[in-house]
Amino acid sequence: MTIGIIGAMEEEVELLKNTMPHVEEVVIGGAKFYVGEIAGKEVVLLESGIGKVNAAIGTTLLADRFKPEIIINTGSAGGMAEGLAVGDVIISDRLAYGDVDVTEFGYTYGQVPRMPAFYQGDAVLLKKAETIYRDYFSQSENKAVYGLVITNDSFIMRPDQHELIRTFFPDVKAVEMEAAAIAQVAYQFDIPFLIIRAISDLANQEATISFDEFIHLAAKQSATCIIELLKTI
């Protein structure tokens, strides 16, 4: 079994790459693929670049060239739900776009025409994650949260951005810039997927400062959770 793991930035894939004893690097169209093993599993680790288009290009190349049987997305996210703290982990059971509006043609806000309104994380992987992280976080000051993640091609930090997202997605847990695009490609290639991200900021007016300060913490937390999951696959 080959498992695809995707992060947008070097900071989000570096720790995982460093656990691979032997790495083959392949660069296609600016996307960096690292082929090797993590936790005894065959892995293709992708540094896709930031944003929905980069994520979609990279995920498509991953699916077409490397044929993964599972895709997992790692990295950071901005927390939107009450009670979330930096270092908490969000496992997405659903994803949607926060900046797509074709409602005039009868689609749900966030829905790309002829695509689902929401992309569902794989039920089997979600169940595994729930079991693993219940034990993993029982001794931690942080926690794992499950729910809706919204993807935008914007860094969310202003009140008006919050208001728009909450208007259409009142149960949103976190926001970021790639996951729904990854999910859409996985859906179109019929590949089971799971999104696991750690909170680097609270998507507020201090978000840029928090992100710069805590991106490495979030990357470490997310990478650790993915390694724990890989041990069970």
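Backbone N, Cα and C define each Cβ position, glycine as well.
Residues Ile156, Met177, Glu178 are given by Swiss-Prot as substrate binders; from Gly49, Gly58, Gly78, Gly79, that same site also lists Gly78. In sequence order, Ala77, Thr151, Asn152, Ser154, Phe155, Val175, Glu176 are the same-chain residues whose CB sits within 8 A of the CB centroid of Gly78, Ile156, Met177, Glu178, the residues recorded for substrate being left out. Within 10 Å of Asp201 (active site, proton donor), counting C-alpha to C-alpha distances, fall the following of the recorded positions Glu12, Gly78, Met177, Glu178: Gly78. There are 27 other CB atoms within 10 A of the CB of Gly78 (substrate binding site), with all protein chains counted. In this structure, the CA atom of Ile156 (substrate binding site) is 19 Å away from the CA atom of Glu12 (active site, proton acceptor). Under the three-state DSSP scheme, Asp201 (active site, proton donor) falls in the strand class. For Glu12 (active site, proton acceptor), the number of other Cβ atoms no farther than 10 Å from its own Cβ, over all displayed protein chains, is 28.
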